[in-house]
Amino acid sequence: MSHHSSGLRSSISSTSYRRTFGPPPSLSPGAFSYSSSSRFSSSRLLGSGSPSSSARLGSFRAPRAGALRLPSERLDFSMAEALNQEFLATRSNEKQELQELNDRFANFIEKVRFLEQQNAALRGELSQARGQEPARADQLCQQELRELRRELELLGRERDRVQVERDGLAEDLGALKQRLEEETRKREDAEHNLVLFRKDVDDATLSRLELERKIESLMDEIEFLKKLHEEELRDLQVSVESQQVQQVEVEATVKPELTAALRDIRAQYENIAAKNLQEAEEWYKSKYADLSDAANRNHEALRQAKQEMNESRRQIQSLTCEVDGLRGTNEALLRQLRELEEQFALEAGGYQAGAARLEEELRQLKEEMARHLREYQELLNVKMALDIEIATYRKLLEGEESRISVPVHSFASLSLKTTVPEVEPPQDSHSRKMVLIRTIETRDGEKVVTESQKEQHSELDKSSIHSY
């Protein structure tokens, strides 16, 4: 009896379900019953933890009361009660664990269905984003880039035109600077000539003043000579008159000789006086003519110098005005060039900022797309992990169902104490088992549960009754 009970205990505790999940399997209560007709029966929960799917494992009929009407036979109720309690505890634990596993499996199924729905929604959003948003964003970016390139080309052409104008203005400015330098040099030459002319004018003025002083001195000298000549003439006249008087006086004595002598002397003095007067007049006239010519030349030179000075002054004024105008034009052109360069720099900075902003938006879109792809990949990985876990649970459940579907042999035999040497052998008994097969499938994100029942008959092992 103890041998059979230990074999039953070892057969119950060494199931594949306990080896897979750790704790002992759970069984439903009410497994054993012992009737008044000495019949022992057992049942076990099969399938997915449903208490309705039970099968009778077997029944042992004790010898009839008429056949075993011996006063000394009795049953070992204590061993049967211990086996019954152990089987009940094991079955209740197995039922509880199967219920927990079913709940966990249902949670996993719900989670998988939720994740599949999210995956389908994200896949739809991703396909929509791939089909619309990137193309539209790419189209908008390409359009913006084309517009920016066109504006950059226009700005480049405008910049080239401005550079050509700047080069032309620089050439004109160089020519104007060269002309300004030439005019400045001419002005300096004119000023130098003006200084020289002023010096010449001053020299001519000094010469004129000197000549005027000389003329005055000569006029004074001429007046003095005239006076001296008049005095000499008067003296000569006086002397002539005195000589005439003397001649008249002498004529009386020496009239013929004195008259001739006086006539000769008078003729000589008259000739000398006429000659001196003529020479003085000629010298005066020549000096006057020379001084007049010199004065005229000096006046002409002074007039020419003044005219040239006025002309140089007018040229200097016109060149100064022209230089001022050119300077104003140059400053205006330089200011316009700086304004154009600043405007071009601002526009180029704005376009570069716009291009950078579009590139940043494109980069953000790419990063968002990459993030969606990573999330999608993570969801795919989670789905694959859940599929693998579901497949593992499915394999475990299929293995457990296949293990449960194997015919269950009898796990206990009753020992009767008797003094009769021969005991009627027990009749062969058959067990009937109802197997409940539950199949859980996931189709298009929905859980499909199918159940089927199968009735099996299996022959129980024959157990011998040992007597003491």
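Cβ coordinates are placed from backbone N, Cα and C, and glycine is handled just like the others.
According to Swiss-Prot, the feature compositional bias 'Low complexity' maps to 1-16.
For the domain 'IF rod' (94-404), the model's pLDDT averages out at 80. If you look up Swiss-Prot, you'll see 94-404 marked as domain 'IF rod', on the strength of sequence analysis.
Residues or ranges marked as 3'-nitrotyrosine by Swiss-Prot on the basis of experimental evidence: Tyr17 (among others).
The phosphoserine annotation in Swiss-Prot covers Ser28 (among others).
Summarising the annotation, Swiss-Prot assigns phosphoserine to Ser50 (among others) and lists a large-scale study or a structure entry as the type of evidence.
The feature phosphoserine is assigned by Swiss-Prot to Ser59 (among others).
Around the Cβ of Tyr376 (3'-nitrotyrosine), 15 further Cβ atoms fall within 10 Å across all displayed protein chains. Under DSSP, Tyr376 (3'-nitrotyrosine) is assigned to a helix (H, G or I) in the three-state scheme. For Tyr376 (among others), the entry in Swiss-Prot reads 3'-nitrotyrosine.
Annotation comment: Swiss-Prot describes Tyr468 as phosphotyrosine.
Annotation source Swiss-Prot lists region 'Disordered' at 1-22 (among others).
The region 'Head' annotation in Swiss-Prot covers 1-96.
Feature annotation from Swiss-Prot assigns region 'Coil 1A' to 97-129.
Feature annotation from Swiss-Prot assigns region 'Linker 1' to 130-140.
The region 'Coil 1B' annotation in Swiss-Prot covers 141-236.
Under the heading region 'Linker 2', Swiss-Prot lists 237-259.
The region 'Coil 2' annotation in Swiss-Prot covers 260-402.
The region 'Tail' annotation in Swiss-Prot covers 403-468.
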Per-state residue totals over the region 'Coil 1A' (97-129) - DSSP helix, strand, coil: 33 helix, 0 strand, 0 coil
DSSP-derived helix, strand and coil totals, residue by residue, for the region 'Coil 2' (260-402): 143 helix, 0 strand, 0 coil
